[in-house]
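Here's the structure, in structure tokens; my notes come after.
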Amino acid sequence: MSHNLKQLFQQHNVKGLSINSKTVKDKDIFFAIKGRNTDGNDFIKDALSKGAVLVITDNKKNIVIDKVIYVKDVQAALYEAIEIFYPKKPKDLIAVTGTNGKSSVVSYIAQTYSLLGKKAASIGTIGVEIFGCVNLINDVPELTTLDYLSFRKIAHNLAENGIEYLVFEASSHGLDQARLREIKVNIACFTSFSQDHLDYHHTKENYLLAKLKLFINHLLPNGIAILNSDIEEIEFVKDYLHNHNVKFITVGTKGDLEITRLNCSLKGQNINFTFNNREYNFNTPIIGSFQASNLLIAVLSIHYIGFAFDDVIDSLVEVKAVKGRMERIDNTNIFVDYAHTPDALEKALTELKNIKLRDSKLSVVFGCGGNRDKAKRSLMGQIAAKRADTIIITDDNPRHEDPKLIRAEIISGIEKADYTEIANREEAIKYGINNLKQDDILLVAGKGHENYQIIGDKKLPFDDAEVVRKCIKVCHPVA
């Protein structure tokens, strides 16, 4: 088939490949693939109307349409076309999985590469970020782990523009659905593990095994896994990887790289650790003990790619916090964080509670997303009641669920603690800011970097950090 595909590309002056009729561009080939929820064959005419020069399908019913070509296996044809059209990748690849911390680690790794004078990029929840050169990528699908075509297209574009190092997030959904196909990485990282996505995986064991596919299916034979030693299931993970002949090293309070002491404040933290029988310490403006682990996972990732350990450590002082990840807004005591799981919310609240002044109060504004894991909602209410002094329950991205019912499920876990329920997220944030007293801390949790709110089918502009800034101008908080 290779010869035929190459001929087709030349004959029709093909400019690109597409599996989504919404993103088809002039001179693209559209591959009509049947997915989990939609069938590309239903959108053939739409793709042609947008400029597709050809459509490839394995559904014989559609070959009566002009410009439609039948093949026995459309997926195989797509993969063959990708190898012809988007063959290049950056020379070194690192993948990061984990319930929480993926976005932070990929950003820290890419930032550090740049600080070491290398051209690097990251792909994940926040999108494509390019360090050391201008931004080259537009129209990125909103998935933590991209579909295989999108990934290869972006990786090829990056390599064509001189990007040497690529680090990306690997979600449990993406791994379970084999979106990465045959992609192999030099380093694979595991940041954290706790309950999430049970609406998809059904059990925590299935969820964990999906994560571990990264190390079994995608790590090069001479590659290394970098694991957070403080994961509750770490012994199972180590045994599982050992049984599959995967080399690994651990980071954490009981790791091969051992975190020995943290001194945290609202301005940042001093991190002390030992590695290879040497003691180290460095300062960072990034807040949170969990971020200490994330930073050091990033350090080992780059070290095992081939960079001198001390050079990597020296660059850490310039690594910046990631948007929406324990992001301190304009030097106030107001933080925006993506914490949307029970574990992430507990860690964020615990960190802020530990660094607040004794007589000050900790407030939290949060909700839960609709059409997602319902089991975590009451747990998050329970955690807020345990860790925060003031609780404000609001809407997150309700999607197609009744937001009032989502809030009720959160509130069911709060039990005896006081709370305030304000459906409108902006009003909830404003209420939280207005009620701050001297030295109080406010955490706005759940949406982090997102610049939208999904209500039904509508995706409305909304940015927690910008709403906080707007409220600060009006409210003049004392924090």
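Every residue, even glycine, has its Cβ placed from backbone N, Cα and C.
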Additional site residue, Arg372, Arg387, Arg469 [criterion: listed by Swiss-Prot with Asp396, Asn397, Pro398, Arg399, Gly446, Glu450 for meso-2,6-diaminopimelate]: Arg372
Those binding-site residues listed as Lys102, Arg372, Arg399, and which of them has the most Cβ atoms within 10 Å of its own Cβ: Lys102
Long-range Cβ environment of Gly446 (meso-2,6-diaminopimelate binding site), under 8 Å and at least 6 residues apart: Tyr338, Ala339, His340, Phe366, Gly367, Cys368, Gly369, Asp396
Candidate with the highest Cβ count within 10 Å, taken from the binding-site residues Thr99, Asn100, Ser103, Ser104, Asn397: Ser104
Number of other Cβ atoms within 10 Å of the Cβ of Gly101 (ATP binding site) across all protein chains: 26
Between Ser104 (ATP binding site) and Arg372 (meso-2,6-diaminopimelate binding site), the C-alpha gap once rounded to whole angstrom: 22
Pairwise CA distance, Gly101 (ATP binding site) versus Lys211 (N6-carboxylysine), rounded so that it is a whole Å: 14
Fewest Cβ neighbours within 10 Å, where candidates are the binding-site residues Gly98, Pro398: Pro398
